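Okay, structure first, notes after.
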């Protein structure tokens with residue numbers, strides 16, 4: 001344990017260098033793996049991004065590439081994949097990973113500025129992202145989800161710190177939030193708790209309806225944040241619409257709203273989607289599920305979004321709910337909440353053994369699903385029903401873990417009074 005803590009307590013710059021080295025090594029390994037094994041290391045979406053960028057370089061539309069269902073900005077970012085090196089995109093996504101780490105450390109340090117251990121705790125929290133195998137794997141395999149995550153974290157950083165002064169901080173935060181929504185629709189739900197956190201009136205369980213309505217009336221900060229976010233989102237969307245027309249709107253946004261994926265995935269709805277393909281009943285079930293989901297998101301916003309101190313936890317809880325209730329769920333979606341976990345992990349008043357149990361529950365439930373998915377994909381076993389059952393177990397695991405985290409949440413706890421530095425390290 002002492003040896004482990006001595007490594008953890010190395011300077012933050014050393015950890016950044018190690019994080020960069022790990023990602024570069026995996027990018028190099030990924031190229032070797034792709035050339036020598038049947039199952040590719042590189043994400044299939046990375047080829048889609050590269051092909052879309054190739055169409056852009058040729059003067060065409062990125063949507064000429066079948067299954068490209070992202071903002072054209074992603075294709076633009078990966079143009080060097082075509083003109084320089086096919087590894088450029090993976091390096092870029094890994095760079096966003098590193099920048100997220102720096103932003104997370106800065107933000108947590110600001111959250112705990114009243115504590116003497118703020119800098120140390122902030123470093124520990126940022127390492128949850130820097131060394132997270134899921135975030136490392138997703139970016140080095142060529143998935144672009146680290147890009148919107150970066151803009152979300154940066155938006156929170158601008159909103160909650162004094163790096164930028166005056167109303168300009170809310171303008172900048174809104175711009176970053178607008179960019180993230182343009183890239184991915186899911187950050188749209190984050191806008192409500194961010195809006196509430198700037199309110200002058202706070203909402204609680206004892207708040208009367210009239211007072212609650214008054215609390216929702218915008219002040220100057222909220223208006224600035226909202227206008228900058230909406231303007232940025234509108235301008236980006238309008239520019240892309242002028243260039244690519246309705247195809248852009250459909251592939252980037254509308255498709256995802258009505259998406260029905262019958263391939264196996266973590267979602268509890270996948271098997272029902274498979275059985276009711278092209279039937280109206282699935283849309284009804286999905287709509288009912290979304291109604292419950294939005295009620296939960298709204299309650300989480302009111303419960304934790306009204307105070308700046310607890311707003312990041314509202315975003316984290318919302319991200320978990322969005323992923324758990326989504327009609328399509330893949331591993332890349334996990335970083336929606338994993339990128340926010342470092343902002344709140346220090347606020348859980350929970351014993352290390354309890355934290356380990358919750359972690360094992362989450363990974364075991366996920367691993368059980370992956371085992372049966374392996375049997376289906378590579379052994380051609382008829383295990384659709386078992387995959388769905390494991391998906392139900394994984395859904396329950398997500399909700400169970402989230403419930404325990406909500407119960408143990410203590411704002412600005414800062415890992416409590418636990419001494420995380422071994423004596424041997426202290427005496428050096």
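Any Cβ shown, glycine's included, is placed from N, Cα and C.
What you see is a predicted model, and the numbers here were worked out from it, not measured in a lab.
Range with TrEMBL annotation transmembrane segment, chosen from 153-174, 175-196, is 175-196. Three or more CB pairs closer than 8 A are found between the transmembrane segment (175-196) and the transmembrane segment (313-335), so contact between the two stretches is assigned (pairs 6 or more residues apart). Panel annotation: around the transmembrane segment (12-30), residues 41-42, 87, 90-91, 94, 97-98, 101-102, 105, 123, 126-127, 130-131, 136-137, 139-141 of the same chain, lying at least six beyond its termini, place a Cβ under 8 Å from a Cβ of the stretch.
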